[in-house]
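Features reported for this protein in TrEMBL:
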- A:1-16: compositional bias 'Low complexity' (COMPBIAS)
- A:127-317: domain 'ABC transmembrane type-1' (DOMAIN)
- A:1-49: region 'Disordered' (REGION)
- A:63-84: transmembrane segment (TRANSMEM)
- A:131-154: transmembrane segment (TRANSMEM)
- A:166-186: transmembrane segment (TRANSMEM)
- A:192-210: transmembrane segment (TRANSMEM)
- A:241-263: transmembrane segment (TRANSMEM)
- A:299-320: transmembrane segment (TRANSMEM)
Amino acid sequence: MSDTTIPGTSGSPGTPRARHARHAKSPAQPARDPRSPKGPGPQDAKPAGLWSDAWHDLRRRPLFIASAVLICVILLMAAVPQLFTSVDPYDAAGCRLGDARQAPSSGHWFGTDSQGCDTFARTVYGTRVSLLVGLSATLVTTLVGGLLGLVAGFRGGWPDALLSRVAEIFFAVPSVLGALLILAVFRTGTMWTVMLALAMLAWPMTFRIMRAAVITAKGQDYVIAARALGASGGRLMFRHILPNSIASVIVVATVNLGVFIAAEAGLSFLGVGVQSPSISWGLMIADARPRFLEAASPLLFPAAFLSLTVLAFIMLGDAVRDALDPKLR
Amino acid sequence: MGRYLIRRLLQAIPVLLGATLLIYAVVFALPGDPVASMFGEKRMDEDIVNIIREQYHLNDPFIVQYWHYISGVFQGNFGRTFAGVEVSEIIAGKFQVTLNLAFTALVMEAVIGVGLGLYAALRRGRAQDTLVLASTLVLISIPTLVTGFVLQLLLGVKLKQSTGIEIFPVAGVSDGLRSYLLPAFVLAGTSIAYLTRLTRTNLVETLRADYIRTAVAKGMPRRRVIGRHALRNALIPLVTYLGADLGTLMGGAVITETIFNLPGIGQELFRSVYERQQPVVVGIVTLLVLVYILANLIVDLLYAVLDPRIRYE
């Protein structure tokens with residue numbers, strides 16, 4: 001990641017980009033403060049860019065370490081759930097109706113649900129759907145919103161006006177209800193339709209942030225210098241402006257990941273998301289709901305996993321934002 | 001001021017048209033024939049089907065249907081369901097429930113969020129500040145789905161079992177404001193945490209400003225420095241957030257409404273989608289888009305009240 005701000009020694013020589021990289025502040029911060037352009041910091045002498053600086057800073061943050069460890073465990077759980085439980089919840093033979101709604105015990109750590117299936121195994125296997133939806137929706141949102149924002153901010157004029165109006169329209173549609181509606185069009189919900197519905201309504205946020213960052217970066221001296229040296233539009237966009245405006249988009253992406261995971265659970269809970277026999281935390285919560293007052297554990301354990309996963313990504317976003325935006329300290 | 005208002009309202013029209021067109025197109029693409037579903041298992045009578053199709057312009061192309069619909073909306077007519085009931089009649093009561101819920105949530109958000117943020121900002125770097133920051137982080141991370149069920153169990157059911165008094169009703173809206181308290185808190189949870197953090201960040205920044213130092217130096221009482229000088233100057237981003245959040249709360253209320261069995265627009269929309277009641281679905285979303293646009297406009301107008309330097313041209 002850190003190589004994004006290493007000055008390009010080939011190509012256009014003498015691009016003063018690296019020295020200015022530290023000034024690429026997060027535009028998420030309202031630009032009300034006229035004193036915000038900071039003078040050169042004391043560390044400007046060394047060539048460390050924003051990214052290596054941020055990484056250096058991140059490694060020593062307890063918040064980052066905690067979230068990184070948690071995320072590693074969650075990723076492992078999503079990739080190889082067999083490591084965590086020997087029960088295969090997709091094998092219906094493992095569920096015995098006679099064992100329905102048992103309290104947590106040594107045989108069933110989290111108890112059993114209304115079908116007599118092991119809640120722990122189902123919860124572990126549910127990680128995959130949540131993470132896949134979250135990651136893919138984040139990827140699509142960031143790519144689409146980021147690219148459109150880059151183009152709109154850089155070109156200005158009618159492409160900007162058009163894209164901004166379209167983004168405004170999507171922004172005005174209430175997100176949960178809109179997603180519910182989009183999902184109703186596809187009769188059977190799968191991971192991919194959920195991803196599509198979430199991404200369709202979330203890209204305008206990334207678009208706005210990217211556009212604002214690009215407009216700020218566009219006016220900086222190093223871009224004007226590169227333009228004067230004859231750099232092409234594409235080179236300006238991808239070599240000079242993009243690396244200096246992507247920080248805030250990355251922060252939003254990390255937070256979005258947590259939000260998407262929560263949204264997937266919500267939509268699956270409402271019955272328009274992932275469908276049974278797939279296993280999803282939202283579905284498990286919906287299944288456990290009718291008997292919630294007698295047997296709370298089939299609902300509370302997936303709920304706890306869901307909250308922990310969202311917490312991990314929100315914490316990561318927090319730590320990354322603090323590292324990338326020194327102004328907030 | 002008058003010209004600014006007119007310009008803003010004109011700017012809102014393309015957003016409203018675009019958003020309703022988008023929703024109309026999605027609803028148009030919903031699978032299933034609404035007229036056929038009216039007959040259920042019975043054999044369809046060709047003549048009746050044709051009359052209904054004619055009446056609801058179902059034989060016209062998509063864009064003509066949209067035109068019929070949106071010109072009705074601008075005249076205050078949200079159309080009828082296929083069973084002949086006025087859509088506005090169906091929505092009105094449900095809308096009230098969601099509006100009550102969202103407003104209760106918004107008030108809670110403003111009071112708790114600004115209060116906690118102020119508390120933390122004035123104790124910056126101390127244990128209380130860290131505690132507030134940590135608890136907001138946790139609050140942000142717990143989805144509505146989880147807080148809803150957990151609080152329903154703890155405060156609604158267990159508390160009633162142990163004290164014998166029903167303090168927070170767990171379902172329905174029959175107890176007036178009291179029945180909205182718990183769902184509103186659940187709905188507002190994440191927003192409370194965000195607003196607390198936003199308040200804290202903005203206040204910390206404002207408290208460093210020169211005019212605060214001047215005010216303190218000339219001997220102004222602390223209460224007045226914080227209230228009149230710091231808080232008021234930090235308020236604009238907070239009001240912006242609250243304004244944008246009203247739409248989010250109303251649109252996001254469907255999960256809360258489901259958990260607490262509140263007959264609001266979220267539940268109505270849910271049912272209408274499955275009954276293919278296109279006019280109801282589009283009507284609800286159009287109303288929400290209107291709320292979003294109006295809330296943003298009110299926020300923009302409030303700026304001038306909060307900061308007299310801002311003038312509208």
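From the backbone N, Cα and C atoms, a Cβ is placed for every residue, glycine too.
When Cβ distances are compared across the two stretches, the transmembrane segment (A:192-210) makes contact with the transmembrane segment (A:131-154), since 3 or more pairs at least 6 residues apart fall below 8 angstroms. Counting Cβ pairs closer than 8 Å to the transmembrane segment (A:131-154), the top stretch among A:63-84, A:166-186, A:241-263, A:299-320 is A:241-263. Within the chain carrying the transmembrane segment (A:166-186), a Cβ under 8 angstroms from the stretch's Cβ atoms is held by residues 148, 193-194, 196-198, 200-205, 207-208, 263, 266-267, 270, 272-273, all 6 or more beyond its ends.
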